[in-house]
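See below for the structure under consideration.
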Amino acid sequence: LTLYRIFLKLPFFSNLDLFLFSLIAGLIVYWLIFRKKAEPIPEFKKPQTTRETSFIDKMKKTGKNIVVFYGSQTGTAEEFANRLAKDAHRYGMKGMSADPEEYDLSELSRLTEIENSIAIFCMATYGEGDPTDNAQDFYDWLHEGDADFSGVKYTVFALGNKTYEHYNAMGKYVDQRLAELGAQRIFDLGMGDDDGKLSENSWVCLSLSLSLSVCLSIRQYELKVHSDLNMNKIYTGELGRLKSFENQKPPFDSKNPFLAPVTVNRKLNKAGDRHLMHLELDITGSKIRYESGDHVAVYPINDSVIVNRIGDLLGVDLDTVISLNNLDEESNKKHPFPCPTTYRTALTHYLDITNPPRTNVLYELAQYATEPKDQENMRKMASSSAEGKALYQSWVLDSCRNILAILEDFPSLRPPIDHLCELLPRLQARYYSIASSSKVHPNSIHICAVVVEYKTKTGRVNKGVATNWLKNKMPADNGHKATVPMYIRKSQFRLPFKSSNPVIMIGPGTGIAPFMGFVQERGWLKEQGKDVGETVLYYGCRYKNEDFLYQEELEEFEKTGVLTALNVAFSRDQAEKVYVQHLLKKNKEAVWRLVHTDNAHIYICGDARYMARDVQNAFYEIAEELGGMSRAQAVDYIKKLMTKGRYSQDVWS
């Protein structure tokens, strides 16, 4: 084909060109005529993989009639899907959990071939109402496709957080779209709020039309202890490929993170009892690309003190090499975490041991409590009764008890460590808004974070896993490089395509992070001679002389005109607290002109529960007062800005 294109494009040929062309053509003709007849022309096929992409064929082969698909970013939806699939047999059914990324979802219409079949979708929502990474293709296919799902029975359980603007958007969309394509909704959409207690127990009862009262303890994995395994075959913290941390190969992603050396780690605040920090990760030679507004995901490790204490309480040798193998040989998920490995590695790198355990973990562990009172309390907290829910809320959630605290406070509870490892959820990557621009820092990614540490109601001190681990990642010393396993998570939080559009950025505290990248990029664009619109920042902190992050850099940006206006709310420098929303209302005329007349883009980063809501209310009030709108009209006005991509949020709770 290449020769043919060249032939068409050249106006004339030399004798050598014609000779070579004739020679190649002759060889092709010779091969066609004189090749061995016993060798038929092979039919082109896609390379065969060992992974089965037909979930229908797999369900038929394994006798399953329930398939539970999950869209999961942090592991909660996947954990819930696995539990649903595992528990199905309690109700006379057989279930399998499935990652939509691994199967051909167009086969959903064939589900009617399996008697008494149900498709359950456990769908989490990410960011601005987006699908999770593993559900992106499924979402695109649903959005663009025109399938006929007549006769397919389904139900959807959405997992989200009410504090976010787009609460359970993905679950709602999947539920609505499947119905539009003819599928039969057998139970109403379940809405899980992770800010409170996920209402899975009552929803599962409803979904399977049976009681949860006959619960048995069912193991999904069996333990194999290795006594003479070659150390080179044991996982030591890798997420995917064995030895991937020793022999790094791009492309780098969630299954293959890049070990980025830490080149800068400095404290940002000048005083106070908090520790706010700025880190810089070197990505030279990694081929990693990022844009302002993207997130960097880092994989932390658990505190060795907690790991060792769990080992001591359970009386086990943490350096025992083990594998947990799925009892369902047909399952794509062979192990709950990379195996073979040691208990120490599992508890350090792979399992979440610092968050309060969910109710299903308490229920499963209760059987190992030798004191009847302990067993009764654990089962009560795992029940769907009002008393049980209240006890779980106060004793576990409000008191911030992790699995170690529960083992300490229930002295008779000493479960087998392999069952504990099976039940605990996976330790997830932590996402940070990147605090730099790749235009200015192509080989470096900046992180701005606050170290999490607090005292619980039980008197224990809880520490944030990732921030305390990052705090101790100091730059290379004595030839040793401190590294962070990381990858990039693309975001929709983007500067306007036209640099001439004004931007209004609102980011108190560490919410300043993406705006450091935005301001750096606007400055770079100015240096390139581009027409750059007004760049306005609203930042907030407690005290000017204590935690005004990046003060020198921001004031320099204002001095050079990169920042048109730097508005800072110091909430505690005066008797009456002042926050960013107060400054927005104080500057309402300028804000309204930028938004309504000059087509400014609005960006908000930081706390979702209070700040983002209060800022949005401030915009409603400005639209009402200066736009002559009713509250309903003002709400609609802001909604339209969101739809047009002119009101973007990067928030967390």
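In case you wondered, yes, glycine gets a Cβ from its N, Cα and C as well.
Residues annotated as FMN binding site in TrEMBL: 72-77, 124-127, 159-168, D194. Look at TrEMBL and you will find R274, T510, S571, R572, K577, V578, Y579, V580, Q581, D614 tagged as NADP(+) binding site. Marked as FAD binding site by TrEMBL: R430, Y431, Y432, S433, C448, A449, V450, Y454, G464, V465, A466, T467, W652. Feature annotation from TrEMBL assigns domain 'Flavodoxin-like' to 66-213. TrEMBL lists 255-496 with the feature domain 'FAD-binding FR-type'. Per TrEMBL, transmembrane segment is recorded for 12-33.
Looking just at the domain 'FAD-binding FR-type' (255-496), the mean pLDDT is 96.
Looking only at the binding-site residues G75, A124, N161, Y164, K577, the one with its C-alpha closest to A466 (FAD binding site) is G75. Taking all protein chains in view, 22 other C-beta atoms sit within 10 angstroms of the C-beta of A466 (FAD binding site).
Here V450 (FAD binding site) is positioned 21 angstrom away from K577 (NADP(+) binding site), judged by their C-alpha atoms. Neighbour density at the Cβ, taken as the number of other Cβ atoms within 10 Å, is lowest among the binding-site residues A124, C448, V450 for V450. Rounded to a whole number, the C-alpha distance linking W652 (FAD binding site) with R274 (NADP(+) binding site) is 19 angstrom. Within the set of binding-site residues N161, Y164, Y167, R430, G464, the entry lying nearest in space to Q581 (NADP(+) binding site) is Y164 (CA atoms). For G464 (FAD binding site), the same-chain residues that are 6 or more apart in sequence and have a Cβ closer than 8 Å to its Cβ are V451, V452, E453. For the binding site of NADP(+), formed by R274, T510, S571, R572, K577, V578, Y579, V580, Q581, D614 according to the record, the largest Cα to Cα distance is 25 Å, rounded to a whole number. When DSSP labels each residue, the domain 'Flavodoxin-like' (66-213) comes out as 61 helix, 33 strand, 54 coil, counted as helix, strand and coil in that order. The 10 Å shell around the Cβ of K577 (NADP(+) binding site) contains 12 further Cβ atoms across the protein chains shown. Sequence-distant contacts (6 or more apart, same chain, Cβ under 8 Å) of S571 (NADP(+) binding site) comprise G540, C541, R542, K577, V578, Y579. Sequence-distant neighbours of G127 (FMN binding site): residues of the same chain at least 6 apart with a C-beta under 8 Å from its C-beta are S491, Q492, D650. For the pair V450 (FAD binding site) and Y167 (FMN binding site), the Cα-Cα distance reads 26 Å. Around the Cβ of Y432 (FAD binding site), a 10 Å sphere holds 23 further Cβ atoms from the protein chains shown. Remark: of the binding-site residues S72, N161, the most isolated position is N161 (fewest other Cβ atoms within 10 Å of its Cβ). Checking each of the binding-site residues R274, R430, Y432, C448 against G75 (FMN binding site) by C-alpha distance, the shortest gap belongs to R430.
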